[in-house]
Amino acid sequence: NPGFMVRITQAGLDYAHQQGILILEKELAKLTLPDISGDTRVLRVGKVHYELSRLRLRNFQLPYSRISPVPNVGLQVSISNAFAELDGNWRVKLFFIRDHGSFDLKVEKVYIKITLRLGSDASGKPTISTSDCSTHISKVRVLFSGKFAWLYNLFHSAIENKFKKILESKVCDTVTESVHDELQTYIQTLPVTARIDAMTGIDYSLVASPTAAAQSLDAGLKGEFYSLAHRSTVPFSPLPLSFPSDHDRMVYFGASSYFFNTAGFAYHSAGALVFEITEAMIPKDVDFHLNTSVFSAFVPQLEQMYPNMLMKLRLSTPTAPFLNIGPEGISLKPVVDVQAYAILPDSSLAPLFLLSLTANVSAVIDVRSGHIVGRLDVGRIKLSLKDSAVGTFQVRMLQSIMNIMSSSILLPRLNARLDEGFPLPLPDRIQLSNTLVRFHQNFLLLGADVHFQPR
């Protein structure tokens, strides 16, 4: 099962198709056509030798087209009523008659059908190629000008048929080249891995080729955080994602609980879930000091053993935090070890006591600038004493101090990191708007419309 899902709806495919058609029009307008020459016999006139040169395509318009997913195949693009205009020079030789001039050519009712095959390469990046292309031109009109233009107009059908065959072949060649050079190159900008910070990254490689459904295109990604220093096997597996039939937005992202829990596992493995709190970190507006004089009110033995010394708290997670996602939102109940130290005159640390802290934590999730951002809120904290070098004491007396530490020091630091966010798997020059966030069983659904920024 994928840890992360991407669904492009019909609205999203239509938007991508609009951008692609603009590119294809420009590529078709660059078509170069070969010079054409030949001999033809005209009734009651005789054998005529003709040459057509300097063929120039003035424009190629694709006014009507549509894209549709074809289940188990890929995507199909159908273009109808396209038209093009060309001009060039002509020369004619008939017995002793020689002449030259210019011509205009109009190509009308062009029909193009393109089938795109979707896949993935060895690195997990998406691939796209043209598996089939057909072009049919219904009407070609050549209009000659010059002294003997009437002569050309006698055998224009032979010229028009040649143009038709050449153009039909050239159009599909251009389509294939455009898909390879433009579309394939562009979708390869989708990041397979995204570096998050100095410690972790996200693996967004495809777990299988994208699949076309009746009204959407779905892609399953690994969706796994990993430690940059040492990538180890995640000790749990992703659960199936049951996507709802939402089609209001162009694209939907399904971030599973596996995706988020691998983040906790990666940061824990990297040793990043360790926080040290010292006196210098306490905000100025908090009427509290981290020293044995303050703590002796709760732990009387400190006054005698370590009088008037600064303290340090070291917070760490014995196991990676594990969250749950349900229709009501995201929740987690992390366990944190709080080791208290006295800072001795020689700057060495004397262990005082070890607390176990548990709390109910909820998360608020949003999407901003192509990143998943969040904010944590902590509910009631529960404490228990795991070990003590200063005798026993009433742990509940430290409840208020731990509340201050979490709300004024620890939580702001965590939320500052979450506010930076984690990047969504987006190719280059894509911006998201009109975002929505919904919670489902075992996954978070993010929806958005897309805007492509051309170069």
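Yeah, the Cβs are placed from backbone N, Cα and C, and that goes for glycine too.
Per TrEMBL, these features apply:
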- Cys133-Cys172: disulfide bond (DISULFID)
- 7-230: domain 'Lipid-binding serum glycoprotein N-terminal' (DOMAIN)
- 245-448: domain 'Lipid-binding serum glycoprotein C-terminal' (DOMAIN)
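Confidence in the domain 'Lipid-binding serum glycoprotein C-terminal' (245-448), given as mean pLDDT, stands at 93.
Annotation for Cys133 (disulfide bond): same-chain Cβ neighbours under 8 Å, separated by at least 6 residues, are Ile112, Lys113, Ile114, Thr115, Cys172, Val175, Thr176. A sphere of 10 angstroms centred on the C-beta of Cys172 (disulfide bond) encloses 18 other C-beta atoms.
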